[in-house]
Amino acid sequence: MSHQKTIYSFIGLPASGKGTQASILAKKIKAKVIGIGDLIRETIKDTGDDPFLIDIKKRYDDGTPQPDAVAIDLVTAYLGNIDSDVIFDNFPFSNGQAEFLSNYLSKHSEWEIIIIYIELAPETAIRRATSRKICSGCGAIYEATDEMICKKCGGSLAVRSDDNEETVRARISQYLPKINEVIKYFENSNSKIIKVDGEKSIEEVSGEIASKI
Ligand SMILES: [Zn+2]
């Protein structure tokens, strides 16, 4: 095969641990974890008077989702400029984005893609997300803990304010159909998909990913 670079795409519900797993893999293979949010923040640092960039910034500031075309433009520019493997957190996140990425790969044979799908029951995601605490001192995140004090810095732990059950349920019901369409797309196109059980511990999941990629 002529592939020289790999895109690892982590797909999963909020609280599935995909961000943690993406960072573990990043350290291991010395690649960078990129989300569309990172690319957007980088792009809108200097909008100048470019109407396209000003629109992106406006949507970003209002919290309005960006159209697929924006994500696709940013990813195309990013992939065109990078010489190492890439880890995407939560991209592609729609059928349109998946289709774009497949087309891009078919024209750029130096890249291959591996989808890493961390499966988690929606109820587990809700339970984890609503019991997640964040340290006021160092920002460390704790899943489902009764502790009130941070083990790393001694700061106090509090439940994140945007993690109430209603918000979490709404976020998860937005995620589910997107994830399903992305996974279905890659299954139909015979891409390499690694499915891991997100109910297992962080170490078990990272071990499973390492053994399958
Ligand atoms: Zn702390």
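Going from the start of the chain as shown, residues are counted 1 onward.
Glycine is no exception: its Cβ is also placed from the backbone N, Cα and C atoms.
As recorded in TrEMBL:
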type	residues	note
BINDING	A15, S16, G17, K18, G19, T20, R132, I141, Y142, K200	ATP binding site
BINDING	R41, Q97, R160, R171	AMP binding site
BINDING	C135, C138, C150, C153	Zn(2+) binding site
Review point. About how far apart, in whole Å, are the alpha carbons (Cα) of C150 (Zn(2+) binding site) and Y142 (ATP binding site)?
Key: 9
Check your understanding: Among the binding-site residues A15, R41, Q97, C138, C153, which have a Cβ atom lying under 6 Å from any atom of ligand 1?
Key -> C138, C153
**Study point:** Cα proximity to R41 (AMP binding site), best match among binding-site residues A15, G17, G19, R132, Y142
**Key:** G19
Review point. Taking every protein chain shown into account, which of the binding-site residues A15, C135, C138, C150, C153 has the largest tally of Cβ atoms within 10 Å of its Cβ?
Key: A15
Review point. Near C135 (Zn(2+) binding site), which of the binding-site residues A15, G17, G19, Y142 can be found within 10 Å, Cα to Cα?
Key: Y142
Practice item. Can you see whether DSSP assigns A15 (ATP binding site) to helix, strand or coil? Key: coil
Check your understanding: If you draw a 10 Å sphere on the Cβ of R132 (ATP binding site), how many other Cβ atoms land inside?
Key -> 19
**Study point:** Cα-proximity to R160 (AMP binding site), 10 Å cut-off, over binding-site residues A15, G17, G19, R132, C138, C153
**Key:** R132
Point to revise | Sequence-distant neighbours of R171 (AMP binding site) in its chain (C-beta under 8 A, six or more apart) | key: P14, A129
Exercise for review: Please find, for R41, Q97, R160, R171 as listed binding AMP, the greatest distance between any two Cα atoms, in Å.
Suggested key: 30
Review point. How many Å lie between the Cα of C153 (Zn(2+) binding site) and the Cα of Y142 (ATP binding site)?
Key: 13
**Study point:** Maximum Cα-Cα separation in Å among residues A15, S16, G17, K18, G19, T20, R132, I141, Y142, K200, which the record lists as binding ATP
**Key:** 18
Check your understanding: Counting only other Cβ atoms and using a 10 Å cut-off, which of the binding-site residues G17, G19 scores lowest?
Key -> G19
**Study point:** Distance, Q97 (AMP binding site) to Y142 (ATP binding site) (CA atoms, angstrom)
**Key:** 32
